[in-house]
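**Student:** Starting off with a structure, shown below.
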Amino acid sequence: MKKIDWVFSLILIIMGLTCLFFAANAFGHESFLSFGRIFFQVCMWVTCPVILLVILYLWFHYKNKNE
Amino acid sequence: MSINRIGLKLGAAVIVLMIVILVSSGFAVNRLFTNFYDAQMRDNTQGIADHFTTMAESGDPSVQTMIRNFAEFSDVKVFWLNADGQILTLSGAKLTNPSFVRVRDTQRLLSGHPVEFMSSDASGNRFYVVGKPIKAGSSTRSALYIVSSMKKIDNSLLRLRNLLMLSGLGAFLLALGMILIMSKLLSRPLLQMQKMTEKMANGNWDARLRVGSRDEIGMLGHSINDLAASLQRYRDTRRAFFSNISHELRTPVTYLQGYAKVLADGLVESDKEEKQYISIIYQESVRLEHLINDLFDLSKMEEGQIKLTLEWLDLKEIIKTAVRKVKLKAEKKRLSLQMDLHDRVPDIRGDRRRMEQVLLNLLENAIRYTEKGSVLVRLVRHEEATVLSVSDTGIGISKEELPYIFERFYRVEKSRARKYGGTGLGLSIVKKYVEMQGGTVQVDSEPGTGTTFTLIFPQEKKLGKDRINP
């Protein structure tokens, strides 16, 4: 994958996330503080299942390796 | 940025799916909020209208002031419909009929039935209108119109729709970015495989893929690498085969040409020398014939063209026949040719002619590479198998060379002079024939001590009973 592909894809992802955060934040609470709060909440919601999946993957990986 | 076809198809499919999900969920959310606000507005306006009607029906002289204050407080407009069907303000001033007033609603109200509907003015502002008759006893003397503006609700809904569209756009862009990365990551190994197979098609079979994943694409990569390795091995074997065959054919032909020319030019000095040359020509022609026959058999076997005539074989009988055929050769070299054939060895299923050829090849090899000592043929029954072995006390084979002795044209004897003769195809033919008849070949050897070739045939049950030869 070329650098320009990564840059283009990341720009699209950042634009998409900004639109989503703004939409989640803007309904009557337009401030940077609430924007940050929403951003933090979303990050936590995404991070928790990712951490859980990583733990499960590592568990299965080492279990299979030992067998 | 190059858009490859897999990325395009994958992206188009996901984008279409995203659009369908976003549009349908957007409509659902919009409908949900609209219904919620409309229901809330209807309940509020109905409640206010009920209050105002009750107040108006009480006949209190201060009721108009109370209703006016209450209306201002509740942000609604109230209109009075008198018995003549004229619309008045609460203070009693006449009004030209507002746009929402319809004749059929007026008639309905004055006949004692409530009405409710949604209306909008020329500027597009929406109103929710509730009409309630004011009753005096059993008759209706007038009615009230309560008009609630829906401007705030419409503004909220407009804002909600904008936010829905914004979040839809965000989800779309996010999906687009993820699709671009995923399609590139998925299609990259496929493109590498396509380039690799293109190289293979152009004859470059040394190239290999670097496979990192264990998924289906990884398995495909391993298969392509295996295919390339097989093709490479095939090419190398074929090259070696042609190189060997040209050498093996050239050697006897060179002898034939050389000695024939000597004879033709009359360069021989004695009858004895002439006889010797003729004998060499004869031996070389026999060797050439053997080589051609072996090659023919081997090529037919590899093409799967050899059809075996399977029957129940008494190996003892075949061994005796083969030993009888090579006995003269063994005696010429003063070798002891022995047989150790056990009783009660069951028949095996095989092709008589091929089995005899296998034995002849093994015996001729044993005699060829043994200068003194003996050659022993043993036949025993071992558990569920019939075991035939040919042992000699010859030069033996080193451990390093053992894995290769069944390859075509492989010779333990590296000298080009071919001191021991042979075509280099005998053991290759033995292995193929034995495997075609369901058996396996093993070899044990010690340089300087001797070699033992062991053929193992698993026992097959005959229909009804297992015939044992006494």
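The backbone N, Cα and C atoms fix where each Cβ goes, and this holds for glycine too.
Pulled from TrEMBL, these are the listed features:
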type     : residues  : note
TRANSMEM : B:12-33   : transmembrane segment
TRANSMEM : B:163-186 : transmembrane segment
DOMAIN   : B:184-236 : domain 'HAMP'
DOMAIN   : B:244-461 : domain 'Histidine kinase'
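What does the local environment look like for each feature on the list?
**Tutor:** Counting only same-chain residues 6+ beyond the ends of the transmembrane segment (B:163-186), those with a CB under 8 A from a CB of the stretch are 4, 6-8, 10-11, 14-15, 18-19, 22-23, 26, 29-30, 217.
Over the domain 'HAMP' (B:184-236), the average per-residue pLDDT in this prediction is 86.
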**Student:** On the DSSP side of things, how many residues of the domain 'HAMP' (B:184-236) fall into helix, strand and coil, could you say?
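**Tutor:** Split into helix, strand and coil, the domain 'HAMP' (B:184-236) gives 39 helix, 0 strand, 14 coil.
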